[in-house]
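TrEMBL annotations:
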BINDING   ARG90, ARG134, ILE135, GLY136, THR137  phosphate binding site
BINDING   GLN213, ARG215  substrate binding site
DOMAIN    49-300  domain 'Nucleoside phosphorylase'
Amino acid sequence: MSDEEIDEYPDGSVRLRNPHIQLMDQDILYHLALGSESHDLVSMFGDVKFVCLGGTPKRMEQFAFSIMDEIGHKLPAGTTLLDISRYSYRYSMYKVGPVLAISHGMGIPSVGILLHEVIKLMYHARVRDPIFFRIGTCGGIGIEGGTVVISEDAVDGLLRPTLELPVLGKLLQRPAKLDKKLARELKSLASAEDPYDTVTGRTMCTYDFYEGQGRLDGAFCDYTEADKMHYMTQIHKAGVVNIEMESLSFAALTHHAGIKAAVVCVTLMDRLKNDQVLAPKEVLDEWQSRPQILVSRYIKRYLSMKGRLSLDGPGGSMCVKSPRRFKLVQQESETYD
């Protein structure tokens, strides 16, 4: 089967595509501070259906509390949401019933590291048919700040829908594909009463925030404003409606694992007009909630159809299988670079 034809396994399980994992005494997820033998990952995460990734720990903590209200999830008296990966000091992870909210940091390398470990987590937890969302911010191309963009495709700075990665001296190429049906379903949940537009289009993913995105305000700039505007106009004509730094890796790795995935971002500015974020903080805070609202609508509708709203349970409590291995995982995660 070619990469273009990759789909999930018939039973909905996640593809690892790594025979070495089965030979390991324990698979340590260093950057999540979890392990396949130190923790009972099936008990902790076996009921997960939705994995929601966003840039910062604070944003994903806010999303966790928000989705808890939306789906009516109740925590036991005297408890609060737990940052499951707090001992890693790299990413934050919160569990709200069938929803995982995880920070992914900034850029392709950061989200790539996280996805390797989250995909392995889904495998070890025996999760079936998970749905992944990236919820984030971006720069718009020809659309105003505050617009919600659902990505139809992810491309690189040369408009190629492929993630390139040097592996053992060779350039590996993986198709970056998002689920078209999921994107359409998300678009159908945009309300005419929303005080902002929700659009679909092609997303450009870059490896750099400044020169890679044609900004004029970096430490280095070897092109003119006219050069920048010509490039922005050309990619806009090619269907690019926004630019960010994670979608290419997110689309390629989820597709390779057979996981249904979507990218929903809010624009912070129109790059045809300026490079810098000029909106005040309170406006930005409201804008950043907009992708979360759309994804929450999808999750709530899905759970309502399945009769799974108002779920009670702990907010990501630890289930330790081996105290000795648990301590080892903590130490490894704290010192791993």
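Keep in mind that glycine also has a Cβ here, set from the backbone N, Cα and C atoms.
Predicted automatically and left uncurated, TrEMBL annotations should be read as such.
The full span of the recorded phosphate binding residues, ARG90, ARG134, ILE135, GLY136, THR137, taken as their largest Cα to Cα distance, is 20 Å.
The Cβ of ARG215 (substrate binding site) lies under 8 Å from the Cβ of PHE209, CYS221, LYS228, ASP275, each on the same chain and at least six residues away in sequence. Between the C-alpha atoms of ARG90 (phosphate binding site) and GLN213 (substrate binding site), the distance comes to 26 Å.
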